[in-house]
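Inspection log for the structure reproduced underneath, given as structure tokens.
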Amino acid sequence: MVDIPYEGIEGIPPAEVPDVELYHPRSWWTRYVFSQDAKVIAIQYSLTATAIGLVALVLSWLMRLQLGFPGTFSFIDANQYLQFITMHGMIMVIYLLTALFLGGFGNYLIPLMVGARDMVFPYVNMLSYWVYLLAVLVLASTFFVPGGPTGAGWTLYPPQAILSGTPGQDWGIILMMSSLILFIIGFTMGGLNYVVTVLQARTRGMTLMRLPLTVWGIFTATVMALLAFPALFVASVMLLLDRLLGTSFFMPSLVEMGQLSKYGGGSPLLFQHLFWFFGHPEVYIVALPAFGIVSDLISTHARKNIFGYRMMVWAIVAIGALSFIVWAHHMYVSGMFPQFGYFFATTTLIIAIPTAIKVYNWVLTLWRGDIHLTVPMLFALGFIITFVNGGLTGLFLGNVVVDVPLSDTMFVVAHFHMVMGVAPIMVVLGAIYHWYPKVTGRMLNEAMGKFHFWVTFLGAYLIFFPMHYLGLLGVPRRYFELGDATFIPSSAHSLNAFISVVALTVGFSQMVFLFNLAWSLFKGEASGGNPWRATTLEWQTPETPPGHGNWGKDLPVVYRWAYDYSVPGAAEDFIPQNQPPRARKLIQGAAS
Amino acid sequence: MAVALILLLVAIGSVLFHIYSPWWWTPIATNWAYIDHTINITFWITGFVFVAVIAFMAYCVFRFHHKEGRRADYNPENKRLEWWLSVGTGVGVAAMLAPGLVVWHQFVTVPADATEVEVMGQQWQWSFRLPGKDGRLGTSDVRNIAADNPMGLNHDDAHAQDDVVIENGDLHLQVGKPVKVLLRSVDVLHDFYVPEFRAKMDMVPGMVTYFWMTPIRTGTFDVLCAELCGAAHYQMRAKVIVDEEREYHAWLEQQKTFAELSPAKAIVKATYQSGGK
């Protein structure tokens, strides 16, 4: 059964990875602002993403105020409500989650985990961040332009998105498209870096099958993003041309506000295909880094090797590949050719198999482990529950005919929030508690962390689990007010009010977390270099936080896979990846 | 062990909520009970998996949480176990997918005796059209739309003349008669959505989409728009009334045809306009 060699006898490649000439900052500006160091760029990405994410969080409060207590808040009108949902969705999916997982965690962890000194193209990496920041600023500016941000829904479906019946039709939609185009340009610069770094800059001994799953997740997600974002890019450019130059890529002959418009001959469905060809892989672009990171959190804090490492790697790759042929399951009721339903339902449900394998392997890693219920572990457990819940409801929506009654209802809203909102955020939070000591040299406060976890996890579950049942009842999404509808009982309104109260509570509990981040920076307990006693390379740096160039004079050499926890016979319950086998024998000798 | 208990309670609480939830689907009004059955099968299978995974996880936390001196097993893989879990998952997936595809086949196969009804969406109201005595709907084009021809019917098409046009009114359907609902939009995406019907479909400008159903009980049902269509999306409402045969025909008698609604000079004007462009 045990056929992954943990002795590390074989597999140190003869070819040495040449050490690289690093760019050395000469001033405060090039060290901390226009920095080419991946670790600084990572923090810049993370802070920017968190800042814009907080805007999206506030938008969600405003939405919940309106949904829970319709008619109470006169400062929210129907147009604004649509603008809130649009910006909330767009920011959370792209500007927060994608940027945070790839730009934030990717930049910080890839070079450290593969044993490189930095990304392969540090200058392009720096540009990537600044273009991303520009994209965020353009996006944020839409709140201040005449007409405000677009209210077309985050899917931006034409014709509606660029016609006058939709808020933000003037500047909002134009700047939204421009911002997306910038984001994709910025991401492409960063993404090429991550891929080349993983493939070319691994240190001696770091074979692909010794990579921590975090790197596998981020790497695969990046490859997917490089293939998927171009579809959104061209869709954005084409929609922009339709809006500005009067082309008709997506615009058929139609009536706008009672007048026959100038458009004709285009296809609204074409946009949907392009959008979802990007949009479905996007779900996994967010999910795969979360899968990878949570695998490492569970393994480290359960003091046990990840179960079925090779299957986990193949599952990541299989999910990544399959996710490119399932996109039209977002379009079952779009009016596309109905026979497509068979194909897309089948591919979609097949994805459940590698995904289920990952879940089994996470819980089987816990089996006979030595489970330390640290804050990162709690968040990992919270992730498993919310992800299993959200994944299983995906089997409803992916099964074409079941999707028909449920599509465009609150069931969909509940599903995707559970599976790609709450679950990845659980991982993000767990990962921050896990790696904060490496980034700052101090531990986050554990009492505040546990409070934060329980309020966030239980609260989020109370928000989104009952919401599915509103959708089963038939409550549609994207409604400013439900109004008079005989099928909606008054109890549904009470449930909406309950959800809103919990949502506000969970939202405010994040302030405890932000306080913890700031407080621990100065008052947190000193962590040392490897507080979790973890095996992966980032914990073995000579300095904490890691210095410029990550490693001292010599790059680390890797002798074993990333999961040598509780190896029988070893004195400690972990063996770092860079510990040579000889040293291990010595320890054994000392122990016996 | 508090953490394990809370995790278990999340699973148990979810099941109890499911059983006792006062929020459940509306009483069905069409032949699509098959869809409800497929949802029920899916609930059983996914519910079982959900409880099993969470319970196993809670047990692990209870049994294997850190104590002084505990040491984890070293167990990189177990091919046989992973293989069986994959196969088991595949069987569960097939058990949901197979009935789903069978019902989808029914959903996309319109019976030959279905009568056609047209629903047209525009910001932010519904219009309906029924074929007249000739049993056929006439052609339409957004370019024909004018104040006295809001559905853009083709004046030159003889089939259009006897079409029953219902603007700003409610749609009536006859119980027990299969109907193919043709869907059309003149501006943006809409979606003809009646929760009790289960079936729904987007309406796309430039295309005619459809679904079919057989109403199985009489009553009055709310029509909502289920595809975001702009500022007043949430106010785009109408009603569908499913009647017995006699009431249905009594209603139908009162409706006006396209020819009755459009005076002769309007036809000339519309022809002139379309000719001018």
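Yeah, the Cβs are placed from backbone N, Cα and C, and that goes for glycine too.
Annotation comment: TrEMBL describes A:23-559 as domain 'Cytochrome oxidase subunit I profile'.
According to TrEMBL, the feature transmembrane segment maps to A:40-62 (among others). Note on the transmembrane segment (A:40-62): residues 31-32, 76, 80, 84-85, 87-88, 91-92, 95-96, 99-100, 103-108, 125-126, 128-129, 132-133, 136, 139-140, 439, 503-504, 507, 510 of its chain, located 6 or more positions outside it, place their CB under 8 angstroms from a CB of the stretch.
Residues or ranges marked as transmembrane segment by TrEMBL: A:82-110 (among others). Sequence-distant neighbours of the transmembrane segment (A:82-110) (same chain, 6+ residues past either end, Cβ-Cβ under 8 Å): 38-39, 41-43, 45-46, 48-50, 52-53, 55-56, 59-60, 62-63, 66, 76, 116, 119, 125, 128-129, 132, 135-136, 139, 142-143, 148-154, 156, 166-168, 172, 176, 180, 183, 187, 190-191, 194, 197-198, 214-215, 218-219, 221-222, 225, 282, 285-286, 289-290, 293, 420-421, 424-425, 428, 431, 435, 439, 478, 480, 538.
If you look up TrEMBL, you'll see A:130-151 (among others) marked as transmembrane segment.
Marked as transmembrane segment by TrEMBL: A:171-192 (among others).
According to TrEMBL, the transmembrane segment annotation covers A:213-241 (among others).
Per TrEMBL, transmembrane segment is recorded for A:274-295 (among others).
Annotation source TrEMBL lists transmembrane segment at A:307-328 (among others). Tertiary proximity for the transmembrane segment (A:307-328) is limited to same-chain residues at least six positions away from its ends with a CB under 8 Å from its CB atoms, namely 4, 209, 213, 216-217, 220-221, 223-224, 227-228, 273, 276-277, 279-281, 283-284, 287-288, 291-292, 295, 336, 340, 344, 347-348, 350-351, 354-355, 357-358, 361-362, 364-365, 367, 398, 561, 563.
Beyond the transmembrane segment (A:340-363), the same-chain residues lying 6 or more positions past its ends with a Cβ under 8 Å from any Cβ of the stretch are 291, 294-295, 298, 306-308, 311-312, 314-316, 318-319, 322-323, 325-329, 332, 380, 384, 387-388, 391, 394-395, 398-401. Residues annotated as transmembrane segment in TrEMBL: A:340-363 (among others).
Per TrEMBL, the feature transmembrane segment maps to A:375-398 (among others).
Annotation comment: TrEMBL describes A:410-433 (among others) as transmembrane segment.
Sequence annotations record features per position, and here TrEMBL assigns transmembrane segment to A:453-475 (among others). With a cut-off of 8 Å between Cβ atoms, the residues of this chain six or more beyond the transmembrane segment (A:453-475) that come close are 375, 378-379, 382, 385-386, 389, 393, 405-406, 409-415, 417-418, 421-422, 425-426, 429, 482, 487-488, 492, 495-496, 498-499, 502-503, 505-506, 509-510, 512.
Residues 57, 60-61, 64-65, 67-69, 429, 432, 436, 444-445, 448-449, 451-452, 455-456, 459-460, 462-463, 466-467, 469-470 of the same chain, all 6+ positions outside the transmembrane segment (A:495-519), place their C-beta atoms under 8 angstroms from a C-beta of that stretch. TrEMBL lists A:495-519 (among others) with the feature transmembrane segment.
Long-range contacts of the transmembrane segment (A:410-433) within its own chain (CB-CB distance under 8 A, at least 6 residues past either end) are made by residues 92-93, 97, 100-101, 105, 283, 286-287, 289-290, 293-294, 297, 374-380, 382-383, 386-387, 389-391, 393-394, 396-397, 444, 449, 452-453, 456-457, 460-461, 463-465, 467-468, 470-472, 475-477, 513, 517. Averaged across the domain 'Cytochrome oxidase subunit I profile' (A:23-559), pLDDT in this predicted model comes to 95. Tertiary proximity for the transmembrane segment (A:375-398) is limited to same-chain residues at least six positions away from its ends with a CB under 8 Å from its CB atoms, namely 290, 294, 297-298, 300-302, 326, 329, 345, 348-349, 351-352, 355-356, 359, 362-363, 406-407, 411-412, 414-420, 422-424, 426-427, 429-431, 433-434, 444, 446, 449-450, 452-453, 456-457, 460-461, 464-465, 468, 532. Panel annotation: around the transmembrane segment (A:130-151), residues 34, 44-45, 48, 52, 55, 79-83, 85-87, 90-91, 95, 99, 103, 161, 166-173, 175-176, 178-180, 182-183, 185-187, 189-190 of the same chain, lying at least six beyond its termini, place a Cβ under 8 Å from a Cβ of the stretch.
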